[in-house]
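Worksheet for the structure shown next.
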Amino acid sequence: MKELYRGAIAGFFGGLVFGAAMAVYGTLPTVAGIVRTDSAVVGFAVHMVFAVIIGAGFGLIAARQRQLVLWGLLYGASWWFLGPLTLLPLLRGELVNWDLSTARALVPSLIGHLCYGMAVAFAYLVLRGDQIPARPAGKVVLRGGVAGAIAGILCLLGSGFLIGVAAGLLYPYLFRTRENTGPALVRGTVYGFMWWVLFALTAEPLLLDVELDWARPPIDQLPGYVLLGSLTAVLYTWLGALARRLFVDDVRQFTVESPGTRGLRAVGYGAAAGLVGGALFTVVMVVVGVLPTVASMVGSSDPVVGLVVHLVISQIIGVSYAVLFRRQSFSVASGIGWGVCYGLFWWVLGNLTLLPAFTGNPVRWDPAALSAGFPSLAGHLAYGAALGAVYYWLETRTNPWWMTRNAVEEARLEGRRAQYLGSAPALWTLTVFIAISVPVLIP
């Protein structure tokens with residue numbers, strides 16, 4: 001029961017945060033309509049009751065989970081769909097509409113629910129004090145600051161250096177688990193989205209004494225923040241690995257594995273999986289008619305040349321997936337999950353950034369460019385799903401020679417359990433949510 005009580009208290013705190021935003025936007029009378037009145041005070045009271053109940057639910061769900069901020073973000077997103085889009089119209093005696101126009105009208109509520117979820121997660125983590133990890137060492141925090149500073153400068157944000165430093169300094173406090181580059185990249189992608197919500201949409205307007213406007217979010221800044229988060233996480237991971245190589249003498253800290261046949265086989269598997277994903281992506285590219293644009297990367301306009309270039313790039317990305325996500329998939333679901341996340345990352349880096357740069361066009365992240373790139377987003381997600389699933393299937397066909405089949409299955413089950421108790425499922429689901437939210441967030 002203590003998880004229930006902690007969740008309820010955390011929900012109360014999150015409700016205060018969300019309620020303040022609702023008061024600014026004047027939406028409390030809408031909530032009061034549930035009890036057939038339009039009083040803002042009554043609306044706030046009703047809102048707080050729901051906030052406490054929903055917070056209690058989070059306490060039950062997150063009792064055994066780690067890295068709660070990601071689960072809180074997902075919990076808030078889920079309740080935006082269940083609450084304003086579904087239950088609120090029913091409780092008010094209205095029809096439920098899940099169309100794009102209704103979702104766009106509820107964008108301020110979406111941002112509020114995301115902030116509510118993160119506030120609940122932070123409060124619950126404080127209340128669950130017995131499980132708060134020790135404060136990170138100063139050198140670890142410094143490593144995060146350096147990684148964030150470099151990422152902020154490279155991602156070309158207006159105040160990239162300062163924003164990057166802040167994001168990098170916070171990163172070690174939220175994510176302590178040592179991980180490979182692939183999962184770190186995915187975690188950083190979601191971390192960048194979180195920073196876009198907290199800073200670009202909320203903190204920056206308040207610091208600059210500008211009116212808080214969640215109805216028209218700066219969607220043109222979202223790709224930059226996604227790249228900022230992903231690069232911060234990758235650099236933080238690499239700097240940590242470099243520090244351990246240079247300054248750690250305990251051989252137990254290292255994983256010994258020669259880069260021989262097994263590494264070459266993984267590269268081959270990645271190329272094959274990338275080819276399958278690229279073939280699936282080709283369907284979208286043919287329908288949209290973008291192959292001539294791809295061909296212009298090598299000075300041609302022939303769709304056949306574009307197809308060849310596209311398939312080559314698909315295999316290169318597949319090889320990079322094999323390098324970054326090797327032995328990170330313990331089931332088909334986890335393979336698809338990591339693949340979809342990688343597909344979203346490459347939509348931002350590839351379609352929105354590198355493709356225009358390589359074809360001689362300016363890099364644009366404005367709403368028009370994002371709208372035009374939405375079919376490519378669907379293609380990248382399909383590519384990633386196929387890439388992850390096929391690579392998992394190929395990887396599981398080869399059992400390590402030094403382990404029996406039972407030992408392999410036992411190790412796989414243990415890895416799957418650790419992954420599910422961590423934040424991997426939240427990362428996979430949040431990636432899909434971010435992708436689905438793109439057309440909703442575009443004004």
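Heads up, the Cβ atoms here are built off N, Cα and C, so glycines get one too.
Note that TrEMBL annotation is computational and uncurated.
According to TrEMBL, the features are:
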TRANSMEM  6-28  transmembrane segment
TRANSMEM  40-62  transmembrane segment
TRANSMEM  68-91  transmembrane segment
TRANSMEM  103-127  transmembrane segment
TRANSMEM  147-172  transmembrane segment
TRANSMEM  222-243  transmembrane segment
TRANSMEM  264-291  transmembrane segment
TRANSMEM  303-323  transmembrane segment
TRANSMEM  330-349  transmembrane segment
TRANSMEM  369-394  transmembrane segment
TRANSMEM  420-442  transmembrane segment
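By the Cβ criterion (distance under 8 Å, sequence gap of 6 or more), the transmembrane segment (330-349) is not counted as touching the transmembrane segment (6-28), fewer than 3 such pairs being found. Listed by sequence, the residues of this chain that lie at least six past the ends of the transmembrane segment (6-28) yet keep a Cβ under 8 A from its Cβ atoms are 40-41, 43-44, 47-48, 50-60, 62, 108-109, 111-113, 115-117, 119-121, 123-124, 127-128, 212, 214.
Residues 136, 140-141, 191-192, 195, 199, 221, 224-225, 227-229, 231-233, 235-236, 239 of the same chain sit 6 or more residues outside the transmembrane segment (147-172) yet have a Cβ under 8 Å from a Cβ within it.
Sequence-distant contacts of the transmembrane segment (40-62), counting only residues of its own chain at least 6 positions beyond either end whose CB sits under 8 Å from a CB of the stretch, comprise 3-16, 18-19, 22-23, 26-34, 68, 71-72, 75, 79, 83, 116-117, 120-121, 124.
Residues 6-7, 9-11, 13-15, 17-18, 21-22, 25, 27, 51, 54-55, 58-59, 62, 68-69, 71-77, 79-80, 83-85, 194, 197-198, 201-202, 214-215, 217, 437, 440-441, 443 of the same chain, all 6+ positions outside the transmembrane segment (103-127), place their C-beta atoms under 8 angstroms from a C-beta of that stretch. When Cβ-Cβ distances below 8 Å are used as the criterion, the transmembrane segment (369-394) is approached by residues 219-220, 223, 269-270, 272-274, 276-278, 280-281, 283-285, 287-288, 290, 314, 317-318, 321-322, 325, 329, 331-332, 334-344, 346-347, 350-352, 432, 435, 438-439, 442 of the same chain, each at least six residues removed from its ends.
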